[in-house]
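Listed in TrEMBL for this protein:
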DOMAIN    25-476  domain 'Major facilitator superfamily (MFS) profile'
TRANSMEM  20-38  transmembrane segment
TRANSMEM  80-99  transmembrane segment
TRANSMEM  111-130  transmembrane segment
TRANSMEM  136-157  transmembrane segment
TRANSMEM  169-190  transmembrane segment
TRANSMEM  202-221  transmembrane segment
TRANSMEM  284-308  transmembrane segment
TRANSMEM  320-343  transmembrane segment
TRANSMEM  350-374  transmembrane segment
TRANSMEM  386-410  transmembrane segment
TRANSMEM  422-446  transmembrane segment
TRANSMEM  452-472  transmembrane segment
Amino acid sequence: MAVGLALTTEGGQYNGRMTLLVVLSCMMAATGGIIFGYDLGISGGVTSMESFLKKFFPKVYTKMKEDTKISNYCKFDSQLLTSFTSSLYIAGLISSFFASPVTRAFGRKPSILIGGAAFLAGSALGGAAFNVYMLIFGRVLLGVGVGFANQSVPLYISEMALPRHRGAMNIGFQCGVGIGVLSANVINFGTQKIEGGWGWRISLALAALPASILTIGALLLPETPNSLIQNSNNHQKAKSVLQRIRGTTDVQAELDDLIKASSISKTINHPFQKIIQRKYRPQLVMAIAIPFFQQVTGINVITFYAPILFRTIGQSESASLLSSVVSSGLVGTTASFISMLVVDKLGRKALFMIGGIQMFVTQITIGGIMAALLGDHGGVSEGCAYLVLALICVYVAGFAWSWGPLGWLVPSEIFPLEIRSAGQSITVAVGFLFTFLFAQTFLAMLCRFKSGIFFFFGGWVVLMTAFVYFFLPETKNVPIEQMEKLWREHWFWKRIVGEVDEKAYTQGA
């Protein structure tokens, strides 16, 4: 058997084509993104519904309706209210550390199944809630589901897809997030109109629908060949699955690479200790920096609290929910699909640059408009409100074809197999940690920073765009098991991991 990586096509590509089984597998996995997006979108919508606030957060409702002296930016400032949103993410943070050993030891499918089951339980509890504690516990269960799904789904997609299709297939997860956000906003807009004020129950309970698809799909579809080799050492079964998903019998080159990667990974007993070694320093930095930067774009505060933000500038309850449908829903989903179509042609870095510039310009403009025209009391003109809505749409589009999908795609494709589960766990945990912090503090930050909140996030966008430009190598079309070569050839990282040894990739025995 070859010692090095056997390749069968020019440019380091493996044999194979896009098969129906791969498409179905990635569609199933992408429903994990739908659930994540649905939970992102649904919380901001129901927390702007007066019937929901009146039942669970009466102090916020009273302050919003009766306190005429309070600043526009402070009407929704409540730590209990933000706990409803952020409890999902602290639960996701904790569960992601349990998800890592499950994903590594038992495979991607069991982790997806646990996530689906937790989603189902959380949606049932949220829809039936009669007090705030039951409501928050339901969000905690949803957080457990998100923790397991976000750990396993991007890995599942990356390992099932061919290198030349990996970007587009993995962005299917982010497209799922966009579809989930859109669905949540449309449902919130509809349920808000239900007489009797119980429409929020439908909004919370309907998370069970995509959770059912995820759970059933995980039962029916195959485990990844990478996971089969890593966990069962059944090379023949892995080869059979590989032939099915690639649509060809000539898969020996890819199988050899997977077996070699698995042999290396089995020498690693403590991947979290291994990942801090010098040779994995670039991957560790990216596992921390990319999810952190994804959160400080400010997108999740827009997604969580878009209806509240639109109410801040004077829109009605119904109009604020409709604005969220347009901005976070339609625009974000469309831009994610565009990203899926072009990411393997333009590359990751080009989309990062375009999105970064777009987000910075719109954030600074929105901040300037709100500083000049809104103030602490009253509202803005209808034309100005529509201008802010249009700018938020441009901002959401910039995120949805850059940091949105690429923040999941890039970390899922850069780790070697021996630290892949640990690396993904760190990525997910860092993302959840800062999602929780911003979800918990945003309303207080909005109250104190006021319009300056947009300048705060705009400054971070400048920093993250520069970071990607200088420190992230282009990963498009590179086989996932050969990603290490990029770091050894990069102008900065090669000083840390050493110069590339071409013989390590070509020598055979």
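A Cβ is built for glycine as well, from the same backbone N, Cα and C atoms used for every other residue.
Note that TrEMBL annotation is computational and uncurated.
Comparison of 136-157, 169-190, 202-221, 452-472 by number of C-beta pairs under 8 angstroms to the transmembrane segment (111-130) places 136-157 first. With Cβ pairs under 8 Å as the measure, the transmembrane segment (202-221) is packed most heavily against 136-157, out of 136-157, 350-374, 386-410, 452-472. Taking pairs at least six residues apart, the transmembrane segment (80-99) and the transmembrane segment (386-410) share fewer than three Cβ pairs below 8 Å and do not count as touching. Sequence-distant contacts of the transmembrane segment (20-38) (same chain, six or more residues past either end, CB-CB distance under 8 Å): 112, 115, 119, 145-146, 149-150, 152-153, 156-157, 160-162, 169, 172-184, 206-207, 210-211, 213-214, 217-218, 221-222, 244-245. The transmembrane segment (452-472) shares more Cβ pairs under 8 Å with 350-374 than with any other stretch in the list 136-157, 169-190, 350-374, 422-446.
Long-range contacts of the transmembrane segment (350-374) within the same chain: residues 72, 297-298, 312-313, 339, 342-343, 380-381, 384, 387-388, 391-392, 394-395, 397-399, 401-403, 406, 450-455, 457-458, 461-462, 464-465, 468-469, 472, each at least 6 residues beyond the stretch ends and with a Cβ under 8 Å from a Cβ of the stretch. Mean pLDDT, taken over the domain 'Major facilitator superfamily (MFS) profile' (25-476), works out to 82 on the 0 to 100 scale.
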